[in-house]
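Chemist: Annotations for this protein, taken from Swiss-Prot, read as follows:
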- Gly13, Pro14, Thr15, Ala16, Ser17, Gly18, Lys19, Thr20: ATP binding site (BINDING)
- Thr15, Ala16, Ser17, Gly18, Lys19, Thr20: substrate binding site (BINDING)
- 38-41: region 'Interaction with substrate tRNA' (REGION)
- Ser104: site 'Interaction with substrate tRNA' (SITE)
Amino acid sequence: MSSHPPHVIVLIGPTASGKTELAIEIAEYFKTNIHNIDSRQIYKSMDIGTAKPSKIQQKKIRHFLIDIEEPINPINVKQFQEIAQKSIKEEIKKDKLPFLVGGSGLYMNSITKGFFVPDVPPQNNLRKQLEELGQEKCWDLLENCDPLSTKKINFADHVRTIRALEVFYVTGKPLSTLKVQKPPNWKILELGLDRGNLKERIFQRTKNMFLSGIIDETNHLISKYGFDLPILETIGYREARNVLNNHSTIDKAIELTATKTIQFAKRQKTWFRNKNNPLWLNNKNPLKDAIIKIESFLS
């Protein structure tokens, strides 16, 4: 293995921008694998609602960090950071070109920038109390103790809201005060994918999710883990659950899911521009542009 810092390629972008399809084409060209950096695709049985790469796509190119835990067992950033770094180091040992793809800015930067992540174990009693308060009250608490985190976490994301409160109450420090601890000794190229027609893509993908069976997938998760499974607060699953309990129609669920996803995508784009500043790819031919940039980086 070379004594020089290993090269690592990163592809980031908002949800529904087409990262999965482009990443597979890039991986095929450079004969490498994909490390999926996503806070929801790590869970089993959550395929449709997380837009997980299909079985066919996963057969075409090997994807790491998918389906590594049951939805009942939340994985925090610290745990994901450790699992991902170990997997990436294994690729480097094999002289493979690590290729990281995802839209979860915090998870990605915990790996590429070496963010220090508080090693706070789950506080079951505290979590129970917070669960009883409900998401709206928990959000109010988070706005008071860690307002910066509320700009990075989706209002409906009960899991991450409780985790941020948990870190604050245990350490006395806001989760948003994470600092760079020790960036890995990698030479990193960050590419960004952002589509001009993102709203239309989100609406179309949302319709496809409901046509493809997110309601059945949600029903399966409920039957296996219970109606109050925290991860079901994820955009799309929450709306599908509301259809199942007759609190919403399918049309309303599609509209609300798309609206929330558009809002989430805006926050992702803001994060990437402020925290990452990648080389944004040409929308007309992102594959050609990516290949040119990567080959130049590797030469």
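Numbering starts at 1 and runs along the chain as displayed.
Just so it is clear, glycine is given a Cβ too, placed from its N, Cα and C backbone atoms.
Give me the structural setting of these features: burial, nearby parts and distances.
Modeler: Counting only same-chain residues at least 6 apart in sequence, those with a Cβ under 8 Å from the Cβ of Lys19 (ATP binding site) are Leu11, Ile12, Gly13, Val101, Gly102, Gly103, Leu193. The DSSP secondary structure for Lys19 (ATP binding site) is helix.
Neighbour list (Gly18 (ATP binding site), Cβ cut-off 8 Å, at least 6 residues apart, same chain): Leu193, Arg195, Arg201, Pro286.
For the region 'Interaction with substrate tRNA' (38-41), the model gives a mean pLDDT of 96.
Non-local neighbourhood of Ser104 (site 'Interaction with substrate tRNA'): Ile37, Asp38, Ser39, each in the same chain, at least six residues away, with C-beta under 8 Å from its C-beta.
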Chemist: Taking helix as H, G and I and strand as E and B in DSSP, count the residues of the region 'Interaction with substrate tRNA' (38-41) in helix, strand and coil.
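Modeler: When I sort the residues of the region 'Interaction with substrate tRNA' (38-41) into the three classes, I find 0 helix, 0 strand, 4 coil.
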Chemist: I want the residues beyond Gly13, Pro14, Thr15, Ala16, Ser17, Gly18, Lys19, Thr20 whose C-beta is within 8 angstroms of the mean position of the ATP site's C-beta atoms, in chain order.
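Modeler: Nearby residues not in the site list: Gly103, Leu193, Arg195, Arg201.
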